[in-house]
Amino acid sequence: MEILEKLQSGERLNYEDGVKLWDLDLFDLGKFAFAIRKEKNGKNVYFNANRHINPSNLCADTCKFCAFSAHRKNENAYTMSDDEIMRIVDETVARGTKEIHIVSSHNPFVTPQQYLGIFKAIKQKYPLLHIKAMTAAEIDYWRRKWKMSYEETIGLMMQSGVDSMPGGGAEIFDEDVRDKICKGKVSSEQWLRIHSLWHARGRQSNATMLFGHIESRAHRIDHILRIRALQDESLSRANGGGFNAFIPLVYQRENNYLDVKGFLGSVEILKTIAISRILLDNVAHIKAYWATSTLSLALVAQDFGADDLDGTIENESIQSSAGAGSKKGQSKRDFIDMIGTAGFVPVERDSLYNQIEIYE
Ligand code: V47
């Protein structure tokens, strides 16, 4: 089989090759993906001590897959005060959290100055705490709502203490699917441009892909290859900017308007992770995000190309609103024990993949 020969030779695969990868069985894909994972990350399984904060769910946009957002007339709509946010940060820092991951809705009643003020206050109080905040979707919302250019917003984020950007808002880049699932939100081209501008400033970010809804397998290949193309461009600047990790997010089907009946099984999820590892030769890390895959499968995924589990999270609202079991996070102890039992080396990392502690 020609595709097997190409995999054996290690040559870069194109779109047609990528589509053909689906014909291989899980163990063939796993074998090649694991070899790449081993070369890039050995037997390390990375995780970090992080805390998700979602300051508001009141959203001007209506993405069909989202169970988290609420209209202003919804009795469950909430917006946290600055004091509430700081209280969460104080508590979590006292527990040893190293990264705060702040993603909010597109709330028309919170000004950019207010939102940026929170980052500034956190950074002032905790200069060593890593702030991962502002998805490309939020940055584009500020363009639509507050007429701010991407460059302006990125400059203000940097001045306010944002260290890296999360990978949210990418969904699926195919324009037809995007029109059906999140019409009006940041376009694929805009999402990629925003990350490119952030990388051009020497900064790092992540890239996600929401899969298992109405997209096809070929759409996933197209998505992954658009990430790879941008990463080529970003790495060619050699200024430290680029994607740290690719994160395939398994679609959760409860409480939303997409009306997807079936649920992806473990084999399709593992194949997607393995194919991501094989195609993304220029992205160092593949995150099996336990919140959407379950921790058990995220551990198995380490044998199929992934090398990271994300973090302890502590409290998660976006995916758990749609059915994921991530509301309360995971303990570091469980991560360490389970990674060890799976035959891997647990490595606590910081947000940029510097190793903090190796638990051997
Ligand atoms: O972009 C929304 C997704 C994302 C659902 O950068 C859903 O380290 C599944 O991007 N089922 C936001 N997913 C979260 C995100 C993220 C998460 C963890 C780590 C990082 C990182 C980024 O949540 C959105 C959207 O794709 N999402 N609804 C759902 N029903």
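Cβ atoms here come from the backbone N, Cα and C positions, even for glycine.
TrEMBL: automatically predicted annotations, no manual curation.
TrEMBL has this to say about the protein:
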type	residues	note
BINDING	Cys59, Cys63, Cys66	[4Fe-4S] cluster binding site
BINDING	Phe65, Glu171	S-adenosyl-L-methionine binding site
DOMAIN	45-281	domain 'Radical SAM core'
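Of all Cβ atoms in the protein chains displayed, 23 besides its own lie within 10 Å of the Cβ of Cys66 ([4Fe-4S] cluster binding site). Every protein chain shown contributes to the tally, and the Cβ of Cys63 ([4Fe-4S] cluster binding site) ends up with 23 other Cβ atoms within 10 Å. Within 8 A of the CB centroid of the [4Fe-4S] cluster site residues Cys59, Cys63, Cys66, the other residues of that chain are Asp61, Thr62, Phe65, Phe68, Ser69, Ser105, His106, Cys182, Lys185.
Residue environment of Cys59 ([4Fe-4S] cluster binding site) contains 21 other Cβ atoms, counted within 10 Å of its Cβ in all protein chains. In this structure, the binding-site residues that sit close to ligand 1, with a C-beta under 6 angstroms from any of its atoms, are Glu171, chosen from Cys59, Cys63, Glu171. You'll find the Cα of Cys66 ([4Fe-4S] cluster binding site) roughly 11 Å from the Cα of Glu171 (S-adenosyl-L-methionine binding site). Within 10 Å of the C-beta atom of Glu171 (S-adenosyl-L-methionine binding site) sit 26 other C-beta atoms, taking all shown protein chains into account. Taking CA atoms as the reference points, Cys63 ([4Fe-4S] cluster binding site) and Glu171 (S-adenosyl-L-methionine binding site) are 10 Å apart. A mean pLDDT of 96 is what the model gives for the domain 'Radical SAM core' (45-281).
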